[in-house]
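Residues annotated as transmembrane segment in TrEMBL: 72-97, 103-119, 126-145, 165-186, 198-220, 240-264, 276-297, 333-353, 365-382, 402-422, 429-447, 459-487. Among the features that TrEMBL reports, domain 'STAS' is placed at 515-677.
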């Protein structure tokens with residue numbers, strides 16, 4: 001290759017796959033079998049043991065490189081700022097889980113401590129996540145409803161309603177963590193790849209609407225039982241509007257003032273984040289003010305405002321998960337495990353790219369699995385990460401999980417020392433803070449016009465996931481959304497956009513003939529491209545599109561020709577035709593005897609571009625072989641170009657080649673095949689002269705023998 005300005009010149013022979021293999025010997029690589037992989041996996045030596053220890057305890061890798069002078073101050077500031085927010089979000093999100101507010105503090109402490117040792121992200125703030133809290137709350141209210149007897153579970157005897165709900169929440173969290181731990185041990189961290197950004201966006205938006213509706217009863221100061229299951233959002237709205245005349249004005253005014261202040265200050269933080277050393281902790285400020293005002297004016301008694309009430313005092317003894325609750329909630333726990341990991345991994349990946357370090361999906365599963373199982377033993381509920389909290393930890397200077405541990409220490413101080421100061425806090429304030437923090441998720445509605453304009457399939461996935469999650473519940477909605485997403489993938493591979501290619505004049509480039517004016521199409525040649533794998537589900541579609549592209553069915557042509565030959569032989573026996581000295585010759589593209597019609601074949605060469613075909617299964621291989629033979633038997637040369645070498649190996653292994661289909665029909669590039677065709681058919685304007693088997697009808701009345 002010789003560069004020449006903005007041009008390049010390549011001088012090489014015209015290659016087929018056979019001639020290329022003769023001139024360029026390929027290295028025969030031995031691939032590892034399953035036995036070798038298992039042997040390598042279970043073989044242990046000193047280096048492997050060290051690497052395993054570093055993998056299972058990532059703290060070993062980064063703690064020894066910790067830069068105290070540059071990082072410690074940032075981690076301290078970040079830890080304090082994040083800890084204050086974690087306290088408030090723990091209290092607020094526990095309402096979503098239908099638990100007393102104090103138990104959200106446990107979720108902000110125990111999982112964060114474990115993640116410090118096992119997690120690979122340096123910026124993730126581990127703790128309560130609103131969507132997971134809502135999913136936990138659905139299980140809690142199903143087994144321990146507000147207005148009715150609890151489920152018939154042995155471990156509930158002698159427990160108060162609050163204790164029953166805590167037991168349910170911790171048990172479902174334990175099994176959720178167990179699912180994550182098992183997935184991590186099985187190395188299936190890739191499962192999160194099946195949750196596309198579009199699906200996650202539709203799901204989280206629906207969850208945000210659920211959370212918004214669930215907080216209306218706290219914001220309005222209404223008292224009605226929580227609802228779960230399909231159409232829960234409809235029934236909740238029905239309860240809100242039927243009871244709206246009983247709105248507590250003090251709660252409503254407090255909530256409106258809180259939401260307005262927080263939104264305004266958050267906007268200021270976003271506008272001037274480059275000038276502010278740390279974001280203004282508006283949630284903390286309004287909480288302190290609300291506590292003071294509520295206590296000073298005795299909101300609980302004077303205005304009948306529901307307050308946080310008695311907080312947890314220190315830590316309670318560990319509890320074991322209830323097996324009956326696990327049986328009842330395992331189905332809901334699995335989507336919780338997927339959602340919790342997917343959200344945390346997505347957020348962690350964003351910050352790992354920004355700060356140039358790697359995260360391990362399988363280790364993240366192990367970290368969250370152990371964190372949730374350990375936390376569940378101490379009465380915490382499902383933990384993941386909250387986007388706003390992680391953003392604070394990173395933006396305030398956090399460099400490592402030292403900031404995460406310090407934020408957990410802030411929670412610890414509240415739990416064991418100053419928690420009583422939060423007892424007069426109105427629950428409507430927590431509800432207002434939850435709603436304000438939904439802004440980012442609710443703004444995802446703005447993606448719809450973009451999706452509609454650029455990708456209707458993703459638009460459908462978003463809408464289906466959103467609607468299903470909104471009306472069927474988050475667990476069923478996620479399943480429906482995943483099914484819709486996989487269905488679109490199947491449709492895209494089963495019904496790909498096939499095209500006929502043409503040469504761009506003056507180049508060796510080939511593009512869709514419909515997209516360009518300056519093209520060159522040799523007469524009698526069709527170039528067909530299928531841009532997807534070929535497998536059992538789309539082989540018939542491939543054949544139908546190929547027939548449509550060439551303009552005739554080779555199988556029908558072959559049947560018509562065989563039928564015509566039988567008629568010609570009969571006419572010869574009856575003396576209606578005579579054979580010339582050259583024998584019987586039939587030209588199928590010229591006029592035939594009366595009552596004999598055969599569809600014309602106006603091509604002599606068919607090129608199949610396999611550059612986008614990544615695999616063939618056995619069903620597709622058989623279908624492809626049958627299709628090639630149909631074209632070859634009607635004197636159409638078939639060429640396959642740009643075929644992957646591993647597909648070629650599979651074709652050899654599966655006895656694809658025989659006396660009719662030879663390896664010589666394969667070419668490394670499309671241009672090689674086209675040059676070969678033009679060399680073989682220089683006079684491509686007169687197709688009938690180029691057919692190998694040329695027949696000519698000889699009739700008694702028109703030809704003298």
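Numbers run from 1 along the shown chain.
Cβ atoms here come from the backbone N, Cα and C positions, even for glycine.
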Taking the transmembrane segment (333-353) as the first stretch and the transmembrane segment (429-447) as the second, find out whether 3 or more Cβ pairs fall under 8 Å, excluding pairs closer than 6 in sequence.
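Contact criterion not met.
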Note the mean pLDDT of the domain 'STAS' (515-677), expressed as a whole number.
87
Using a Cβ distance cut-off of under 8 Å, indicate which of 103-119, 240-264, 402-422, 459-487 has the most pairs with the transmembrane segment (72-97).
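Top-ranked stretch among 103-119, 240-264, 402-422, 459-487: 402-422.
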Among the recorded stretches 103-119, 198-220, 276-297, 402-422, 459-487, which has the greatest number of Cβ pairs closer than 8 Å to the transmembrane segment (429-447)?
198-220
Quick test of the contact rule: Cβ under 8 Å, at least six residues beyond the ends. What residues does that give for the transmembrane segment (459-487)?
131, 134-135, 138, 194-196, 198-199, 201-203, 205-207, 209-210, 228-234, 331-332, 335-336, 338-339, 447-448, 451-452
Look over the recorded stretches 103-119, 198-220, 240-264, 365-382 and say which has the most C-beta pairs under 8 A to the transmembrane segment (402-422).
103-119
Which bits of the chain, at least 6 residues beyond where the transmembrane segment (240-264) starts or stops, bring a Cβ under 8 A of a Cβ in it?
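Distant contacts of the transmembrane segment (240-264): 213, 216-224, 282-283, 286, 290, 299, 303-306, 426, 428-429, 431-433, 435-436, 439.
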